[in-house]
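According to TrEMBL, the protein has these features:
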SIGNAL    1-19  signal peptide
DISULFID  449-472  disulfide bond
TRANSMEM  610-639  transmembrane segment
DOMAIN    664-805  domain 'TIR'
């Protein structure tokens, strides 16, 4: 595993120069690239930290253009037409760390403007119009410089002491583009102290110095990149398409054909003393025979890690049966390999990989369709053949020689049958990590998949797998990635995966989180971007060891059923990835976009039992309070009086004037016992007559000389209502009995509701004599008014009484 780690570390080192000037999150970026500018824009923000003016038509930079930009860290002026920069240009930009002036028209490599840019870490002045690489004194002041790129589009001289101004600096990377080299001084490169060196080699016309350049390059740094290698053997037999280099030089074919031998001879320097451990070859155009010869030289040298990218093979003629590798490489990477001949014997290519002695092999973006099963005794530990055209039909079926293989990466190919992939691993007894993502895998069979028992990490993401995939999984898995498939649910009936610690099921179609009963040791679960609406937190009961959960970007329906899940971040120690910003309500519409952490429903809203208890309890307490209020405030009396007032008011409104006799003189006739005279005079008469009501009172309104009974009948007939003041005294008065009799007789004869009973004092039923049976009947059937002793209630009493007799009468 140490070798695998060093392999990836080496690949990361190739990206170092680009990371130096990447903006960070808080940087203020101003981008004017490709804006057809001819000058630097005015009024740039003073706090600008990153300014991109590349790919414009700027010809001149004025001294004041960057003066206000004291915070400027990155300046990109590449691909313009700048020919000169003033020495004091960057005097105000003391924080400038990255400067790109490539692809301009600078001719003076003294670069006096660098005297005021001493904080530079990254400097690119390649592809200008320099005639020499002799660096000026200003370069010696760049104490923090880490990356430097030099070169010219003109014929250029490269002498021994040209780089002496930076010879004492330890740099991370130096790139020198000398494609049009006219002169080279031996050892010009060896004075450099750099971890990584990149050289764009001279073209065919100018590579008389190739051997000296490679000799110096192989002894300068541990990491070396060589670009622009072009040659073809036997040009007379090649078509125009096969070897563009030779086809353009038909008049000097002999010179063209000798090019490859020069490369081969120059690379033989590697067989002597060399410091290079990591070698990268880029932008090659060679025939297969030459490439394999160079490959053999490199294989037997000090190089441990070899990368070849963007290579065009212009001829594949015959198998190289003599080709054998003696030494073992740590890593060998091929990417973007293109074969220009349309027809050739592919066995000539694939047979080479039978004998490769390498621990880590990577082949990217090369359109390969077949991979030969290596011979017994190979030392492969990692094979990465991503982004090719392999299929599962014939790929390494029954290959029993990859017993040391630990990591196998097959992503972005054309594998279709998961069963065949599992069958392929049968003899890979050391395989721990298998990546078959971004393929077209399906599994719809009912049979056991014969995986190797050593597999602990399996990536099946971005395929077309369904729920049935869970019946075709290795039993010892620790990490399983099934993201971006067509999985609707995790079957409850499946074999136990007791070693599984990480499960990735994002971007599927799951409706609920999976039950962990079959993988009880699960620690990390990713189920983001599924179809969760109301996931329950109950699944945690079977996921006791879960520490990390990602359920972000699901269409949550915010109802009572979601309360347990939304409170999980508070109630558990589980780390929820993306919380809270990626957890939002999708339904109902009124809550759409609401964060789950801001979604709250009370316990009462979501518990029917609790709601019933609270409602019934409230009603019970309210009933008790109402009872107490009724008892204390005598509310029934008030309600009864209000009801009586309403009824009386209603009857009064319904009574038409034509129903009243023309001889009505009084609003009411009052009948009472003489013993209640004081109350009648002081209370009843005074209050009613104050309200402009005319009352027939016997002391005042009986006509002298007429009989008492005649006066009684006369008053009753001339009154709208008859008021009887009831009390124990009333039932002891004989005249009161007569008056009640005559009034009731009128009620029966005229079919009116003219009787008003006022109970001045309560009359127990047993005190009423039997001859007063009509009074008993009236009190049982007719609503009567009770005189309240409480002064607060008396207002309502008088209002009810007035409503009962309040009718307009013609003046007498």
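Quick reminder: no glycine exception, Cβ is built from N, Cα and C everywhere.
All annotation found in TrEMBL is predicted automatically rather than curated by experts.
Sorting the domain 'TIR' (664-805) by DSSP state (H, G, I as helix; E, B as strand; all else coil) yields 81 helix, 23 strand, 38 coil. Only residues 6 or more beyond the boundaries of the transmembrane segment (610-639), in the same chain, are considered here, and those with a CB under 8 A from a CB of the stretch are 603-604, 786, 788, 790, 793, 796.
Within its own chain, residue 472 (disulfide bond) has 418, 419, 422, 443, 445, 448, 449 as residues 6 or more apart in sequence whose C-beta sits under 8 angstroms from its own. The predicted model assigns the domain 'TIR' (664-805) a mean pLDDT of 77. Packing around residue 449 (disulfide bond) is summarised by its Cβ count: 18 other Cβ atoms lie within 10 angstroms of its Cβ, all protein chains included.
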